[in-house]
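Okay, structure first, notes after.
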Amino acid sequence: MEKTKEKAERILLEPYRYLLQLPGKQVRSKLSQAFNHWLKVPEDKLQIIIEVTEMLHNASLLIDDIEDSSKLRRGFPVAHSIYGVPSVINSANYVYFLGLEKVLTLDHPDAVKLFTRQLLELHQGQGLDIYWRDTYTCPTEEEYKAMVLQKTGGLFGLAVGLMQLFSDYKEDLKPLLDTLGLFFQIRDDYANLHSKEYSENKSFCEDLTEGKFSFPTIHAIWSRPESTQVQNILRQRTENIDIKKYCVQYLEDVGSFAYTRHTLRELEAKAYKQIEACGGNPSLVALVKHLSKMFTEENK
């Protein structure tokens, strides 16, 4: 018979394991491997750091889906629609602390400090994002970018920060991490409202249903202050496909997608420059190139 402790662990982790079996892009692992071109962290430490980052990322997705009232994740039902909200919250929080336990095995005096700081950043960013959405407050582009750096940058910063503790490479990688954090999130925002891959994979334009202020919608709202169409559509939390299609067309008409593509191209170019300044990194360049295909190819 299954031991009681093992059985309890299995039950606790089931929602988390459900999420793990969904197909993912493993971008964070690839990113850590790419940064190791410079940092040359011993393999045993690197594996622990990658595991910790993946654990925190996936646990935060479980919570995100609850906070966003999402229906689908990677084209599958969200964990809380199967296991219920209380179990999923508990499972995700449990995994945060399993991550902390793993960080302790790195056996470095600064590791826990770094872990704590980056998780605080992550929650501060997420809190702002939710506040704007739920109070119908449209942030400026600058406010939005600052929030993204806390939210997306939090986990990027954790992986690379932990790696640097075990590396002789002491260049300041924060500017590059910030560029990549913005690039990833704005690309994600664009994909959610514009890409075929996303509309088949996520419920169509889920960011509109969630009422989320994302990079293209923020541009549309601030560039056409005389119109409140986008705010009103976001406020409705609509699942109506026709309204969502109308909104996407409106974003196209007011130049928000073109502006988003332009911003992504600028961030991409900036990333290449920063990578070069740090001494070059073929695998990181390849990763950025691969992610850029989405917003370059579909507009040829």
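Indices start at 1 and increase along the chain as displayed.
Glycine residues also receive a Cβ, built from the backbone N, Cα and C atoms like all the rest.
The candidate list HIS37, HIS57, HIS80 contains one residue that Swiss-Prot assigns to the isopentenyl diphosphate site with LYS25, ARG28, ARG74, namely HIS57.
In three-state terms derived from DSSP, ASP64 (Mg(2+) 2 binding site) belongs to a helical segment.
The secondary structure of ARG74 (isopentenyl diphosphate binding site), as reduced to three states from DSSP, is coil rather than helix or strand.
Residue pair ARG28 (isopentenyl diphosphate binding site) / THR152 (dimethylallyl diphosphate binding site) shows a Cα separation of 11 Å.
When Cβ atoms from all protein chains are considered, those within 10 Å of ASP68 (Mg(2+) 2 binding site) total 19, not counting its own.
Around the Cβ of ARG73 (dimethylallyl diphosphate binding site), the number of neighbouring Cβ atoms within 10 Å comes to 23. Taking each of the binding-site residues ASP64, LYS151 in turn and counting other Cβ atoms within 10 Å of its Cβ gives the largest count for LYS151.
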